[in-house]
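Participant: Copied straight from TrEMBL:
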BINDING   LYS20, VAL21, ALA22, LEU23, ARG24, ARG162, LEU163, GLY164, TYR165, GLY166, LYS167, GLY168, TYR169, TYR170  ATP binding site
BINDING   LEU66, GLU72  substrate binding site
Amino acid sequence: MLCRFEIHTRTMASTLRTQKVALRKAMRSLLANLSTDEIQAQSHQIARTLLALPEFQQSKNISCFLSMPAGEVDTSAVVSAIIASGKNLYVPKTTDKEQGIMDFFRIFGEEDLRALPRGLWGIREPDPEYMGQQRPTALSGSSEPLDLIVMPGVAFDRSLSRLGYGKGYYDRFLASYSAMLQGRQQQLHPRLVAVALREQILEAGQVPVGETDWRVDVIVGPDGIVES
């Protein structure tokens, strides 16, 4: 027999899931109506702002997602700028689809980037090897610590809450990576920077979050930045 606390907890979890599903549905409908030209125009402004951030300019090791063909900020200019500036670029790759696990893999130059095959949701993903060698990854400890992670999402709000795509990839990665850094007694953790179209940035408190949902440090939109 369930106690009142268990019933209350399950009810809250069910309500949170329902709220997230509803917001994702509404946001996807809204984003689907944006033209390619509008997304590209906003993406251009976002890239300019992101590349000018002091934390971006001071970072050496940066992870940035490779954008889907439609419906979100186009990061192609950002990842090319990371490479061109001599910084080390890492991109996400799904390593266990059933468990919702991903890692960040090192990319070795523009030619390597352009040759990446398309994987889940039409997103380019690296093979585990490059020129016969295992690529350095964030979770394997074979790379230097990440300084900055550029993150996607379905929606964000001005309290820096993030709604992901529903699979928990980033939340699981961040929990695992944080634990790994703590085990190494690393004091500095990567700066979490979200990029969002104007339509994806909501007022404070409008994005439902649970205990395992990570907030970001900065949101970069076409009209400027949101930070605490």
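Glycine is treated like the rest: Cβ placed from N, Cα and C.
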Participant: Counting only other Cβ atoms and using a 10 Å cut-off, which of the binding-site residues TYR165, TYR169 scores lowest?
Facilitator: TYR165
Participant: For LEU66 (substrate binding site), what is the tally of other C-beta atoms lying within 10 angstroms of its C-beta?
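Facilitator: Step by step: centre on the Cβ of LEU66 (substrate binding site), count other Cβ atoms within 10 Å, giving 23.
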Participant: Can you give the largest Cα to Cα distance in Å, as a whole number, for the residues LYS20, VAL21, ALA22, LEU23, ARG24, ARG162, LEU163, GLY164, TYR165, GLY166, LYS167, GLY168, TYR169, TYR170 that bind ATP in the record?
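Facilitator: Per the listed residues, the maximum Cα distance equals 20 Å.
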Participant: For a quick check of packing: other C-beta atoms within 10 Å of the C-beta of ALA22 (ATP binding site), how many?
Facilitator: 11
Participant: Looking at the binding-site residues ALA22, ARG24, TYR165, whose Cα is closest in space to that of LEU66 (substrate binding site)?
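Facilitator: Given the candidates ALA22, ARG24, TYR165, the nearest one is TYR165.
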Participant: Work out how many Å separate LYS20 (ATP binding site) and GLU72 (substrate binding site) at their Cα atoms, rounded off.
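Facilitator: That separation, Cα to Cα, works out to 18 Å.
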Participant: Could you say which of the binding-site residues LYS20, ARG24, LYS167 has its Cβ with the most other Cβ atoms inside 10 Å?
Facilitator: LYS20
